[in-house]
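Here is what TrEMBL records for this protein:
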type	residues	note
BINDING	Lys46, Gly53, Arg54, Gly55, Glu99, Ser102, Glu107	ATP binding site
BINDING	Asn199, Asp213	Mg(2+) binding site
BINDING	Asn264, Gly321, Ile322, Met323	substrate binding site
DOMAIN	9-227	domain 'ATP-grasp'
Amino acid sequence: MNIHEYQGKQLLKKYGVAVPLGNVAFTPEQAIEAAKSIHAKKWVVKAQIHAGGRGKAGGVKIAGSLDQITPIAEELLGKILVTPQTGPAGKKVKRLLIEEGSDIEKEFYLGMVLDRNASRIAVIASSEGGMEIEEVASKTPEKIVRESVDPLIGLAPFQARRIAFGIGIPDRQVNKAVKFMLELYRAFVDQDCSIAEINPLVLTKSGEILALDTKLNFDDNGLYRHKELLDLRDLGEEDEKEIQASEYGLNYIALDGNIGCMVNGAGLAMATMDIIKAFNGDPANFLDVGGGASKEKVEAAFRLILSDPHVRGILVNIFGGIMKCDVIAEGIVAATENVGLKVPLVVRLEGTNVKLGKEILHHSGLNITSANTMADAAEKIVQLVDQAAGGVVK
Ligand code: ADP
Ligand code: MG
């Protein structure tokens, strides 16, 4: 789960991590109130969307006086911001963070992330703040320092010092930077984060070490331990279909292609996407209905696929183990009962109750093409989608 920058800063503040003074605003009126409550020489108005790269896209504006706040807030609220992280469609700005403007001496990068290979938290830092760390890693990898944290000991002060010196924090501020890192680490572990990225971490002209930007991601599997975090979820930032899917406990991820996939098991779902690609098709989604799915769950899954306007064909690939093929068939039939099925459907069923499943589909009156192997299924659905396009699209 992802949260907004202002929420991340509020959370980190509780752990003693230094952040600028700031308030959230949903309207221009709230924006001016927020600015008035912060005594500063300048203010920064920041678009709150679940994506980075806002600065370059015009989503971070500086106001030198209070009367500049309202016009900036009016301009940003409702604006569609397109950044390298939003995709071409962009994201609509509905909230703003109004914060104290800092006099920046130097920007750094500080990130903590779960290193799955080492089964440890890795602390990554760089003297190149404000830039994407991936870019620094590919162009000037020597400017990145890393420390791997022993989970029993936690981030040790000597490691934090090594990072601080490694990225060129001036001697006089090293202790502040060390304190910052230790507190960030404590927040990371305590809140079951999967990513904590401070980009930029800044040294101000008056010698403070501050988090000017904050990106926190949380491990969904740990959310049951942090009920208060659930209130921070902003459904407006999430894909509509992925929200519906999470209500039914389906693993669904929307993609850019036009072939909808319904599969059981994450591995089989990945393999299905690969084989569609191998036949020059493009999957519209990743969807794993899971092991013991009920008819209702399958029905919801199929409806989800049908509701995607980009879908020109559907491939159902089920290996019935715990999952029974007749349950899949009943779910498909129920889902199409009201809305019908306007795109080609290729079904490959195998395993438990396969005969019964095939009979249900056969008697449903739906126009279904059955396939025997995965390759056969992928080839058929790609062909059918191409035929349906009939040279109009291609
Ligand atoms: P993004 O990563 O989405 O572009 P940031 O929060 O990192 O957004 O802001 C972009 C840049 O704007 C920062 O690198 C920094 O130079 C400047 N900036 C952000 N917040 C402040 C602030 N409170 N005071 C001064 N400058 C800021
Ligand atoms: Mg940033």
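Don't overthink the numbers, they just go from 1 along the chain as shown.
In case you wondered, yes, glycine gets a Cβ from its N, Cα and C as well.
Nobody curates TrEMBL annotations by hand; they come from automatic prediction.
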Message: List, in residue order, those binding-site residues out of Asn264, Gly321, Ile322, Met323 with a Cβ under 6 Å from any atom belonging to ligand 1.
response: none
- request: List the other residues in this chain whose Cβ sits within 8 Å of the Cβ centroid of the substrate site residues Asn264, Gly321, Ile322, Met323, in sequence order.
  value: Gly265, Gly291, Gly292, Ala293, Ile318, Phe319, Gly320, Lys324, Gly351, Thr352
Message: Long-range neighbours only, meaning 6 or more apart in sequence with Cβ under 8 Å: which ones does Gly53 (ATP binding site) have?
response: Thr83, Pro84, Gln85, Thr86, Glu132
Query: For Glu99 (ATP binding site), which DSSP three-state class applies?
result: strand
Task: Using C-alpha atoms only, work out the spacing between Ile322 (substrate binding site) and Arg54 (ATP binding site) and round it to an integer in Å.
output: 46
- prompt: Taking the Cα atoms as reference points, how far is Gly55 (ATP binding site) from Asp213 (Mg(2+) binding site) in Å?
  reply: 11
Task: Would you mind reading off the Cα separation of Asn264 (substrate binding site) from Glu99 (ATP binding site), to the nearest angstrom?
output: 47
Message: I'm trying to understand the geometry here, so how far is the Cα atom of Glu107 (ATP binding site) from the Cα atom of Asn199 (Mg(2+) binding site), in Å to the nearest whole number?
response: 8
- line: Gly53 (ATP binding site) falls, by DSSP collapsed to helix, strand or coil, into coil
Statement: Distance filter, Cβ under 6 Å of ligand 2; input binding-site residues Arg54, Glu99, Asn199, Asp213; output Asn199, Asp213
Message: Let me make sure I understand the span of the ATP site: among Lys46, Gly53, Arg54, Gly55, Glu99, Ser102, Glu107, what is the greatest distance between any two Cα atoms, in Å?
response: 19
